[in-house]
Amino acid sequence: MEKTLLFAAIFLCVKADEICIGYLSNNSTDKVDTIIENNVTVTSSVELVETEHTGSFCSINGKQPISLGDCSFAGWILGNPMCDELIGKTSWSYIVEKPNPTNGICYPGTLESEEELRLKFSGVLEFNKFEVFTSNGWGAVNSGVGVTAACKFGGSNSFFRNMVWLIHQSGTYPVIKRTFNNTKGRDVLIVWGIHHPATLTEHQDLYKKDSSYVAVGSETYNRRFTPEINTRPRVNGQAGRMTFYWKIVKPGESITFESNGAFLAPRYAFEIVSVGNGKLFRSELNIESCSTKCQTEIGGINTNKSFHNVHRNTIGDCPKYVNVKSLKLATGPRNVPAIASRGLFGAIAGFIEGGWPGLINGWYGFQHRNEEGTGIAADKESTQKAIDQITSKVNNIVDRMNTNFESVQHEFSEIEERINQLSKHVDDSVVDIWSYNAQLLVLLENEKTLDLHDSNVRNLHEKVRRMLKDNAKDEGNGCFTFYHKCDNKCIERVRNGTYDHKEFEEESKINRQEIEGVKLDSSGNVYKILSIYSCIASSLVLAALIMGFMFWACSNGSCRCTICI
């Protein structure tokens, strides 16, 4: 009888239909960090930091940059005759200048506040160059022979294309005066200069007087310049120097020039047609036939990642720069390998015993076994809900760090090294803060994502438990054993949430009572065996005590045994 009960119990356990809830497991080696754990293996993750670039300058949104070639920014603005190839360039997405161009200010000198002009002009996307004063429109001065061997063109002496070097005419240099009225309706950049001869004799030869001045005035500007005559070392064959100045003339504003010598007069000015988020890069990189939406100093970036680690000096639609090379955001659940052996008869197990490598198109799902066989399927509803949440999380990470910041690195010359150092220090501080915030944000989000996956699996398990009610037994490992027959149609109802426990309530009740009865009967037989064993053991102990007493009594004469025949 005991053997029959035991086999019946085994038969019931093996043959019962079963459904389990679990999650994906795969061969991924992706590791992420959380706020409390490092190197957590997950089934999938997203790299948030872009490190790849084109290694060249590219057009932005179809608009080409302008390369100054062998010309410097100052040489371009003043019109170095060796920069004539740039004359037709009036529109660009950004400007590229070599670190050490050969064609700068050919006659030795400086462009005052060049760094500020670079910064202003880096945002200019288009200008219109026009003749502000004709070369011979300055009256009784000579405007045609102001050339120098320092600015040669085609083997002949020349001068800056956008300027006119006015000298005496027939031994006289009267006071000259001209006014420009800005009626363009846009800002106009105008440049002028003053010549500083090396000797008084040179000054007298050129301007026929011992002293001279240049006065410039407008509604917002008023300065008077005089030549600084001094002996200097020769540069490019010249002991003299030239200093150039500039002014942005607003619409409706007028600017007046007055001089009696040493005047470098403006000939062409720049009407600023379009201003935007431009940039001036200093780099040896070439401009290639490529397109990008984000350009850095060392190459273009085409990415949809949230951050980049290419270079902080950028233009375009760029992700935020951080000083870390990798930030991985977990998307899938923890990658816990499945237990190799599930026991007899191809047994299945739930999420407590590890993930499922066979789960396709989902993070969570069901595995079942019945008379029709075994099967596995993803729960698309809970998976899609999790995908939507995590996708939204990835898309919103940058929005949490939406502080506007633009680096001005490399837009200052060596003369302004202190400004460079201060700018770099500010840039470094801001980037450090952003990088720390990004790392902390990813750690927190990874922790929340893994908790989300754990919660989703448990919620799915709880959903099935509430659906099945007393029609199945919760095995405690993520699986349920049915008290009724559950074919594939029945299994599918459990998966899609249309299972009706009342339909199988009566069958489940009968089978549950039978199983519980078998357990109870089996338990009764065990108790019976234990009772018999206890009785026999007690009898043996009692007999041993009686025999011991008799031996003791006989040995001391208290008891006598007489045998009669």
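Cβ coordinates are placed from backbone N, Cα and C, and glycine is handled just like the others.
Values in this document were obtained by computation on a predicted structure and should not be read as measured data.
For Cys58-Cys290 (among others), the entry in Swiss-Prot reads disulfide bond. All protein chains considered, the CB of Cys290 (disulfide bond) has 14 other CB atoms within 10 Å.
The disulfide bond feature in Swiss-Prot is assigned to Cys71-Cys83 (among others); the stated evidence is sequence analysis. Sequence-distant contacts of Cys83 (disulfide bond), defined as residues of its own chain at least six apart whose C-beta falls under 8 angstroms from its C-beta, comprise Leu68, Gly69, Cys71, Gly75, Trp76, Asn103.
If you look up Swiss-Prot, you'll see Cys106-Cys151 (among others) marked as disulfide bond. Cys151 (disulfide bond) falls within a strand when secondary structure is assigned with DSSP.
According to DSSP, Cys318 (disulfide bond) is assigned to coil rather than to any helix or strand. Counting every protein chain shown, the number of other Cβ atoms lying within 10 Å of the Cβ of Cys318 (disulfide bond) is 20. Marked as disulfide bond by Swiss-Prot: Cys294-Cys318 (among others).
Taken residue by residue with DSSP, Cys490 (disulfide bond) is part of a helix. Taking Cβ-Cβ distances under 8 Å and a sequence gap of 6 or more within the same chain, the neighbours of Cys490 (disulfide bond) are Tyr499, Phe504. Annotation source Swiss-Prot lists disulfide bond at Cys486-Cys490 (among others).
Under DSSP, Asn26 (N-linked glycosylation site) is assigned to coil, being neither helix nor strand in the three-state scheme. Within 10 Å of the C-beta of Asn26 (N-linked glycosylation site) we count 17 further C-beta atoms, all protein chains included. Taken from Swiss-Prot, the feature N-linked glycosylation site applies to Asn26 (among others).
Here the Cβ of Asn27 (N-linked glycosylation site) has 8 other Cβ atoms within 10 Å, regardless of which shown protein chain they belong to. Swiss-Prot lists Asn27 (among others) with the feature N-linked glycosylation site.
If you look up Swiss-Prot, you'll see Asn39 (among others) marked as N-linked glycosylation site, on the strength of sequence analysis. According to its DSSP assignment, Asn39 (N-linked glycosylation site) is coil.
Sequence annotations record features per position, and here Swiss-Prot assigns N-linked glycosylation site to Asn181 (among others) based on sequence analysis. All protein chains included, Asn181 (N-linked glycosylation site) registers 11 other Cβ atoms within 10 Å of its own Cβ.
Secondary structure at Asn304 (N-linked glycosylation site), taken from DSSP and collapsed to helix, strand or coil, is coil. Close to Asn304 (N-linked glycosylation site) in the fold, though at least 6 residues off in sequence, lies no residue with a CB less than 8 Å from its CB. As annotated by Swiss-Prot, N-linked glycosylation site applies to Asn304 (among others).
Swiss-Prot lists Asn496 (among others) with the feature N-linked glycosylation site, giving sequence analysis as the kind of evidence. Within the same chain, no residue at least 6 positions away from Asn496 (N-linked glycosylation site) has a Cβ under 8 Å from its Cβ.
Annotation source Swiss-Prot lists S-palmitoyl cysteine at Cys554 (among others).
What Swiss-Prot records for Cys561 (among others) is S-palmitoyl cysteine, and it gives sequence analysis as the kind of evidence.
Annotation comment: Swiss-Prot describes Cys564 (among others) as S-palmitoyl cysteine.
Per Swiss-Prot, signal peptide is recorded for 1-16.
The topological domain 'Extracellular' annotation in Swiss-Prot covers 17-531 and rests on sequence analysis.
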Task: Pairwise CA distance, Cys290 (disulfide bond) versus Cys318 (disulfide bond), rounded so that it is a whole Å - done: 17
Open item on the list: Please report the distance from the Cα of Asn181 (N-linked glycosylation site) to the Cα of Cys318 (disulfide bond), rounded to the nearest angstrom.
Closed with: 41
Task: Local Cβ density at Asn39 (N-linked glycosylation site) - other Cβ atoms counted within 10 Å - done: 8
TODO: Find the one among the recorded positions Asn26, Cys58, Cys106, Cys151, Cys318 whose C-alpha lies closest to that of Cys486 (disulfide bond).
DONE: Asn26
Open item on the list: At 10 angstroms around each C-beta, which of the disulfide-bonded residues Cys71, Cys106, Cys151, Cys294, Cys486 has the fewest other C-beta atoms nearby?
Closed with: Cys294
Task: Candidate nearest Cys106 (disulfide bond) in space, where candidates are the recorded positions Asn26, Asn27, Cys318 and distance is Cα-Cα - done: Cys318
Task: Candidates Asn26, Asn27, Asn39, Cys58, Cys151, namely the recorded positions, that fall within 10 Å of Cys294 (disulfide bond) by Cα distance - done: Cys58
Task: Mapped DSSP class for Cys294 (disulfide bond), helix or strand or coil - done: strand
